[in-house]
Structure formats: C-alpha cells, structure tokens
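This report refers to the structure that appears directly beneath it.
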Amino acid sequence: MSGWLPERQTDLLAAHKLLMMGLIDDAGQFRRGGVGIYRGQRLLHMAPPASRLQPLMHDLLRWLGASDWHPLISSCIFHYEFEFIHPFADGNGRMGRLWQTLILSRWRPVLAYLPVESVICAQQEAYYGALAAADQVGEATPFVEFMLQALRQALAEASETDQVTDQVARLLEVLKPGLALRANELMERLELSHRHTFRANYLKPALAAGLIEMTDPTAPRSPMQQYRRTSR
C-alpha cells in the first residue's frame, strides 16, 4: 500500500485487482453495467450508468490530487463520492474504506493501522444510514460527520489502550514476532474457548493499541484472517 498514490487511477485499479482477483471476472476494471447498493431487498442507491464512470472518476481523482482540504475531511468526501459513483461491479465498499485509509496514511503514516474497516463493521447500519442521508440531501455532509465521529472513536480507543493489560500481555506472549496466526489458533494457544471473551479482552485491545495488526485489513471478518505483531 505504501507505493500507491491515492490520486492515481492506475493504482486504484491495481488495488482492486489485488483485492478481488479470483472473486470476480473483471477485477481491476471499471464496471460495464449498472449497479446499486442494497440492504437485503431494499435499494439504497442506484449508481450512475457505466457510460459516465470514466469522466466521474477522472474528476474525483483530479480533485483529490489538487485538494488542499484537511486530509480527514478530503478522505471522508472521497469515500462518499466513491461510493456514490460505485465504479466497480463488486468490492466498492472495501475499496472505498481502503482508499480512505490510504489517504489518511499519506498524511500520518501511523494511520495505515487505523482499523477503518473494523469501525465500519461495528456500525454498519449507521454507515449505510449516513450514505443514504447524504444521498437525500445531495451532498456529503451527513456521511462526513458520521465518518469523523467513527474515526475519532477509533483513535480514542487506541489512545486509551496504551497500558498493556494482563490479557494483552498474554496474547503477545503466544504471538511471537514473525508469526501470523488466525483467531482460532490464538485461542487454542491461550487455552480459551469463548470467542467473545477473546475478542473483547485480548484481540480488540491489542489491535486498538497498535500492538498487533491484521495481515489483510480489507477483510477483518474473514475466517482466514491472520494477526501478527507490529514493530511497536
């Protein structure tokens, strides 16, 4: 991710190809048909037609590259506009969140480890509600407000977890530097059987403190997700 430039379309397409390879046929390519955002059977947003994608994405990326707005604001606006355009056949949500993280990391490299994906997963209904509210008023403010609050919450949780708890210390003992383990493997080494206890008292505090990281932050709920220690 460190070599990608947020405003460069070739990097955006390369990231989508990497993210979606093997999942869809046209990974790394803009969609050629219509697409919408659904929650269950309910249509929340119908994206612009495929014929408008190239000029819309060109304008959005050019704006991002020239913007002198604070990165916290510009990253939220980009995230909303990207979801509004929905340029890919699939993977738009993941890409929007990944690209916001990339924009923030270019401003403050440590924010590359901010779990934007996890924050959104924990507030998924509010996330889609903010997207719908922004659509209704015709501008990004409701979504920007939601995302700033979500990011502030993630930062607050991280800053409050500077002191390593006994549980986190135990987790670090079994997750040696250089190792990458799945959640079930960590639970086995910790001799834990209750997944909620593991996530609440071990995994989430260690992630929030920046002591461990996901090997694939774009898919936090994947059963194949692994965790490794950071250099902190």
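Glycine is no exception: its Cβ is also placed from the backbone N, Cα and C atoms.
Record features (TrEMBL):
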{"type": "ACT_SITE", "residues": "His86", "note": "active site"}
{"type": "BINDING", "residues": "Asp90, Gly91, Asn92, Gly93, Arg94, Met95, Gly96, Arg97, Tyr127, Tyr128", "note": "ATP binding site"}
{"type": "DOMAIN", "residues": "7-149", "note": "domain 'Fido'"}
Legend entry - Long-range Cβ environment of Arg94 (ATP binding site), under 8 Å and at least 6 residues apart: Leu19, Glu117, Thr218, Ala219
Legend entry - In three-state DSSP terms, the structure that His86 (active site) belongs to: coil
Legend entry - Among the ATP-binding set Asp90, Gly91, Asn92, Gly93, Arg94, Met95, Gly96, Arg97, Tyr127, Tyr128, as the record gives it, the longest Cα-Cα distance in Å: 18
Inset, instruction - Look up Gly96 (ATP binding site) in the DSSP assignment and report helix, strand or coil. - result: helix
Inset, instruction - Between the Cα atoms of Asn92 (ATP binding site) and the residue listed as 'active site', find the distance and write it as a whole number of Å. - result: 6
Inset, instruction - To the nearest whole angstrom, state the Cα distance for the pair His86 (active site) and Gly96 (ATP binding site). - result: 9
Inset, instruction - Grab the pLDDT values for the domain 'Fido' (7-149) and give me their mean, rounded. - result: 92
Inset, instruction - Compile a sequence-ordered list of residues in the same chain as Asp90 (ATP binding site), six or more apart from it, whose Cβ lies below 8 A from its Cβ; state 'none' when nothing qualifies. - result: Met20, Leu23, Ile24
